[in-house]
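A short worksheet on the structure shown next.
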Amino acid sequence: MSARWMLDLTFRSEKLGIFIATFSNIILLGMLTFKATNSYGAYRHLMFAYTIIEMIYSVLSFMAGMVAHSTDKAFVVFSLYYGYVKRSIAPLFLVDFCGIYFTLLLLLVVHFIYRFFVVCDFKKLEYFKGYYLFFWVFGSVICGFSNALLKFFMFPQNERLSNELSNDFMTYYNLTMDQVVYNGPNYYSCDKSGKCERPLGDWITMIYLSSGLVSSLFIMCYCGYRSTTQLNKRHPNGSVRTNELQKQLMTALIIQSVIPIVFMYIPIILLFVTPMFRVGFGPYVNIAMATLAIYPPIDQFAIIYVIKDFRTAVKGGHPKVSYLQLRDFRFLQL
């Protein structure tokens, strides 16, 4: 049964994602440039870096045209091959998106660590000043693309996996293996008699990448939970503006925790892990790829909404509450 419409769904999501993300990123960059004062401190610079990475993310998502397929033995990300470059290096255009994906997740975790320090351990904000901030951002980029290169070298196209996928690709997408380039692990390599082996390199690499995703999710949830718990405490000496800021920050943390978990973490963790347990979703795994494509604009509009300075500015008003007031709240903790 043909499922070519799943590929069309993903391609359209990527086009929609870059179109809306361009608009939302321009708005957010404008807010950061003209509405975010120096009182935002390192948060402003961190948001600049995060917004630029999200712009690159949307561009690479669109350029790669990446879709996916999973079976009960393997999963691959693939794109149509037009012969513009050598087949051996064409998968680099797939893994560069993987690199920016990992980078974006790491920067997201850095965001939550920063907010955790702001609310729960203000003295450690020294680690986000000057060169420290550069190392947080640059380190995320290096780690993200290192993981992508690891994926490129560990999961090259091979004849056995191509033969196993060829029937599915023809059935679901009406494509031959010569029309695509792919990259992905083969968890179970089976011969004609049905005897299967577990390629050690594929398993070690994917356990490492999956563990990294789960660890980053744990750090994000831990920092979000601790920060939200602290923000939810009532302080009798707090001003009205401080209490308003507490509510604003708590709402921001909740929203910006739920969005990446739903649109970034859950889809990819399922894509990585389910074939390990001999569960494959075939072409329907492209629902996960579609959610990845539309994540940036949803995230950016959420940021604009939850930060009152930005929301007020978009409505044409004058900001009344800024992160400068966070000092009032921090001193209540000391």
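Note that Cβ sites are derived from N, Cα and C of the backbone, with glycine treated the same way.
Annotation source TrEMBL lists transmembrane segment at 16-34 (among others).
If you look up TrEMBL, you'll see 46-69 (among others) marked as transmembrane segment.
The feature transmembrane segment is assigned by TrEMBL to 89-118 (among others).
The annotation transmembrane segment is assigned in TrEMBL to 130-150 (among others).
Outside the transmembrane segment (203-225), and at least 6 residues removed from its termini, the chain residues within Cβ reach (under 8 Å) are 102, 105-106, 108-109, 112-113, 115-116, 147, 150-151, 154-155, 185, 187, 253-254, 257, 260-261, 265, 268-269, 272-273, 276. The transmembrane segment feature in TrEMBL is assigned to 203-225 (among others).
What TrEMBL records for 249-272 (among others) is transmembrane segment.
Annotated transmembrane segment per TrEMBL: 284-307 (among others), in sequence order.
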In contact by Cβ distance (the transmembrane segment (130-150), the transmembrane segment (16-34); 3 or more pairs under 8 Å): no
Close approaches to the transmembrane segment (284-307) from elsewhere in its chain (Cβ under 8 angstroms; 6 or more beyond its ends): 3, 6-7, 9-10, 13-14, 16-17, 20-21, 23-25, 27-28, 31, 47, 51, 54-55, 57-58, 61, 66-70, 75, 77, 101, 248, 251-252, 255-256, 259-260, 262-264, 267-268, 270-271, 314
